[in-house]
Amino acid sequence: MVLECGVDETGRGSCISGIYASACILDPAHPIEGLRDSKKLSARKREILAEEIKQYALSWCIAQASLEEVEQLNVHHATLLAMKRAIEGLSIRANKVYVDGIHLPEVDIPAEAIVKGDDLIPAISAASILAKVARDGAMLEYHEKYPQYGFNSHKGYLTKAHREALKKYGPSPIHRKTYAPIRELLVGKDNEQIEMFE
């Protein structure tokens, strides 16, 4: 039996916290209807599918690379690390790994990167959904801790509202200080110049 593992991440483009990645091996005997790129699904639909995936998948794992690892390694290498952890965290070993995107983590299993794989390969779609639901849950927890930033709405991505909150309050402890917009804000505060947020 060929055990195909799908892998995807979320949080690369955010400017807060770490990277979430998921690996998932679906059970061919229990196909799950409605799997597709998590970004094309409503939050409620993602949550419903995530529960179904957890119930019927042969194996799944959600892993992270921490904020500190993103800062130390850079977002690209932290993403690959989170993916590697997710694959290695599976309770059964896959025969083949399919990763959304163009870069592959270092694993000792045959692997293939597929652009837009989260819309093409059901196991990648499932991984995409699991990672997204896990990260969104963490964003709600961060919102409880730092409500002034609105993490519950923009999920840490640099929207206009997020920029305005950063201008008003400065970065929180979970903002990625190595990211250019955050770094420039910190430099700007030192110089009392924050024109980039005007």
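Backbone N, Cα and C define each Cβ position, glycine as well.
The candidate list D27, D37, D100 contains one residue that Swiss-Prot assigns to the divalent metal cation site with D8, E9, namely D100. One way to see the shell of the divalent metal cation site is to take the Cβ centroid of D8, E9, D100; the remaining same-chain residues with a Cβ within 8 Å of it are V7, T10, A21, S22, M83, V99, G101, G117, D118, I124, A127, S128, A131. In this structure, of the binding-site residues D8, E9, D100, the smallest number of CB atoms within 10 A of the CB marks D100. If you take every residue in the domain 'RNase H type-2' (2-191) and average the pLDDT, you get 95.
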